[in-house]
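In what follows, a single structure is set out as structure tokens and then discussed.
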Amino acid sequence: MFTADRLVILDRDGVINQDSDEYVKSLDEWIPYPAAIEAIARLSRAGWTVTVATNQSGIARGYYDTETLHAIHDRLTEIVHEAGGEIAYIAHCPHGPDDGCECRKPLPGLLEEVQEALALDSLDGSWMVGDSLRDLQAGKAMGCRPVLVRTGKGRRTEKKGDGLGGVMLFDDLTAFVEWLLSKNSSNTPDTTLGKTPRWIE
């Protein structure tokens with residue numbers, strides 16, 4: 001049974017894998033961060049539910065098709081499984097910014113899809129981890145606790161500083177996972193491995 005307080009929702013590009021301003025258009029161009037894959041597996045092995053919510057407007061722009069996206073996500077699921085973990089659900093928005101959809105972040109549609117897929121009453125108390133403001137805005141709209149990582153576009157987002165009040169900041173997904181698992185361990189202080197979070201005011 002899934003519970004919101006043991007749920008982590010991840011953006012994909014820039015959090016799990018290398019991002020590109022030219023878009024990730026093929027399986028060959030999809031380059032995961034090895035440490036992020038292990039971090040997902042660690043969360044899963046510790047009893048956390050991990051899902052992904054990702055904007056993929058490259059489909060609407062004609063850069064790649066849904067079949068290619070599914071191949072990438074199949075590979076992601078496979079390598080996380082090989083590391084001993086599981087991704088419970090992947091939600092994606094295929095629309096462009098002018099398509100008028102309800103799912104493209106910062107709108108909360110993708111997270112509503114995650115909530116429905118996991119049969120949760122709400123996402124209050126879950127975590128939303130992203131590298132852009134739109135990830136954090138979507139999470140806040142659904143009651144998630146927002147986390148910004150510095151990978152991908154994260155440093156750019158941090159430098160702009162807009163809309164980041166109350167957001168937790170970590171160098172990468174691994175640092176967040178180490179902090180989260182230590183925070184939830186009765187035997188380990190929050191400062192395990194020096195991964196003390198920074199709050200953005």
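A Cβ is built for glycine as well, from the same backbone N, Cα and C atoms used for every other residue.
Some features that TrEMBL has for this protein:
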ACT_SITE  D11  active site, nucleophile
BINDING   D11, D13, D131  Mg(2+) binding site
ACT_SITE  D13  active site, proton donor
SITE      T54  site 'Stabilizes the phosphoryl group'
BINDING   C93, H95, C101, C103  Zn(2+) binding site
SITE      R104  site 'Contributes to substrate recognition'
SITE      K105  site 'Stabilizes the phosphoryl group'
Give me the non-local Cβ neighbours of C101 (Zn(2+) binding site): same chain, 6+ apart in sequence, Cβ-Cβ under 8 Å, ordered along the sequence.
C93, H95, L107, G109
Do you see any of the recorded positions D11, D13, D131 whose C-alpha is within 10 Å of C103 (Zn(2+) binding site), and which ones?
none
For T54 (site 'Stabilizes the phosphoryl group'), nearby residues of its own chain (Cβ under 8 Å, 6 or more apart in sequence):
D11, R12, D13, I90, A91, H92, C93, L110
Could you name the residues, excluding D11, D13, D131, of the same chain that surround the Mg(2+) site, i.e. Cβ within 8 Å of the Cβ centre of those residues, in sequence order?
R12, G14, V15, I16, D19, T54, G130, S132, D135, T151, G152, K153, G154
Only counting partners 6 or more residues apart, tell me which same-chain residues put their Cβ under 8 Å from the Cβ of K105 (site 'Stabilizes the phosphoryl group').
D11, A53, N55, C93, R134, D135, Q137, A138
Report, in whole Å, the straight Cα-to-Cα distance of R104 (site 'Contributes to substrate recognition') from D131 (Mg(2+) binding site).
15
Inside 10 Å of the Cβ of R104 (site 'Contributes to substrate recognition'), count up the other Cβ atoms and send me the figure.
22
So which other residues, same chain and not among C93, H95, C101, C103, have a Cβ within 8 Å of the centroid of the Cβ atoms at the Zn(2+) site?
N55, P94, D99, E102, R104, L107, G109, L110
What kind of secondary structure is T54 (site 'Stabilizes the phosphoryl group') part of, going by DSSP in three states?
strand
